[in-house]
């Protein structure tokens, strides 16, 4: 039987979701996900993944707007603060996860699925930065990095060009100006994180 502390933790985790500004609806419906608590485990990974922004910056963004206001930026740059790290043990938090994942809901509703259905969505540690979905190269070729960045920036980092490789660089000489103060990296993350990685400090450290 799951401990009371474990059940309370699951309850708190499920309590704060709402639709994104892109119009993504909660796939679990009004009642929220049903806790998958029979294997609840409170252990933690030896080396949890890091924020790319500093912890202080991520906390400021979170306090100011919340992770779900701008998940495209926050899920890449502030993974630890936003609790979207591929943690270990990797598990689902809802009984519906396997069925929903089979129906491609990980890609269609990533804001919820990548948090609550990590195991079913293959959001588990797999070594160096790379793709977690076999379809990533084709999805990227089809423009999904721009069309569905919440999913692609987490699951298809290599295909979207978000893995550090060689020299960190910008693709446009105007990037330093656009990124001045770094607010534009946050306000326009789909373009800036793909094209102005040096100025937005996307690759200032190894991605987990």
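Each Cβ is built from the backbone N, Cα and C atoms, and glycine gets one as well.
Around the Cβ of residue 163 (disulfide bond), a 10 Å sphere holds 16 further Cβ atoms from the protein chains shown. Following the DSSP three-state reduction, the secondary structure of residue 163 (disulfide bond) is coil. What TrEMBL lists as disulfide bond is 129-163.
What TrEMBL records for 85-124 (among others) is domain 'ShKT'.
Model confidence over the domain 'ShKT' (129-163) stands at 89, taken as the mean pLDDT rounded to a whole number. Here TrEMBL flags 129-163 (among others) as domain 'ShKT'.
Positions annotated as domain 'ShKT' by TrEMBL: 168-203 (among others). Taking H, G and I as helix, E and B as strand and the rest as coil, DSSP gives the domain 'ShKT' (168-203) the counts 19 helix, 2 strand, 15 coil.
As annotated by TrEMBL, signal peptide applies to 1-19.
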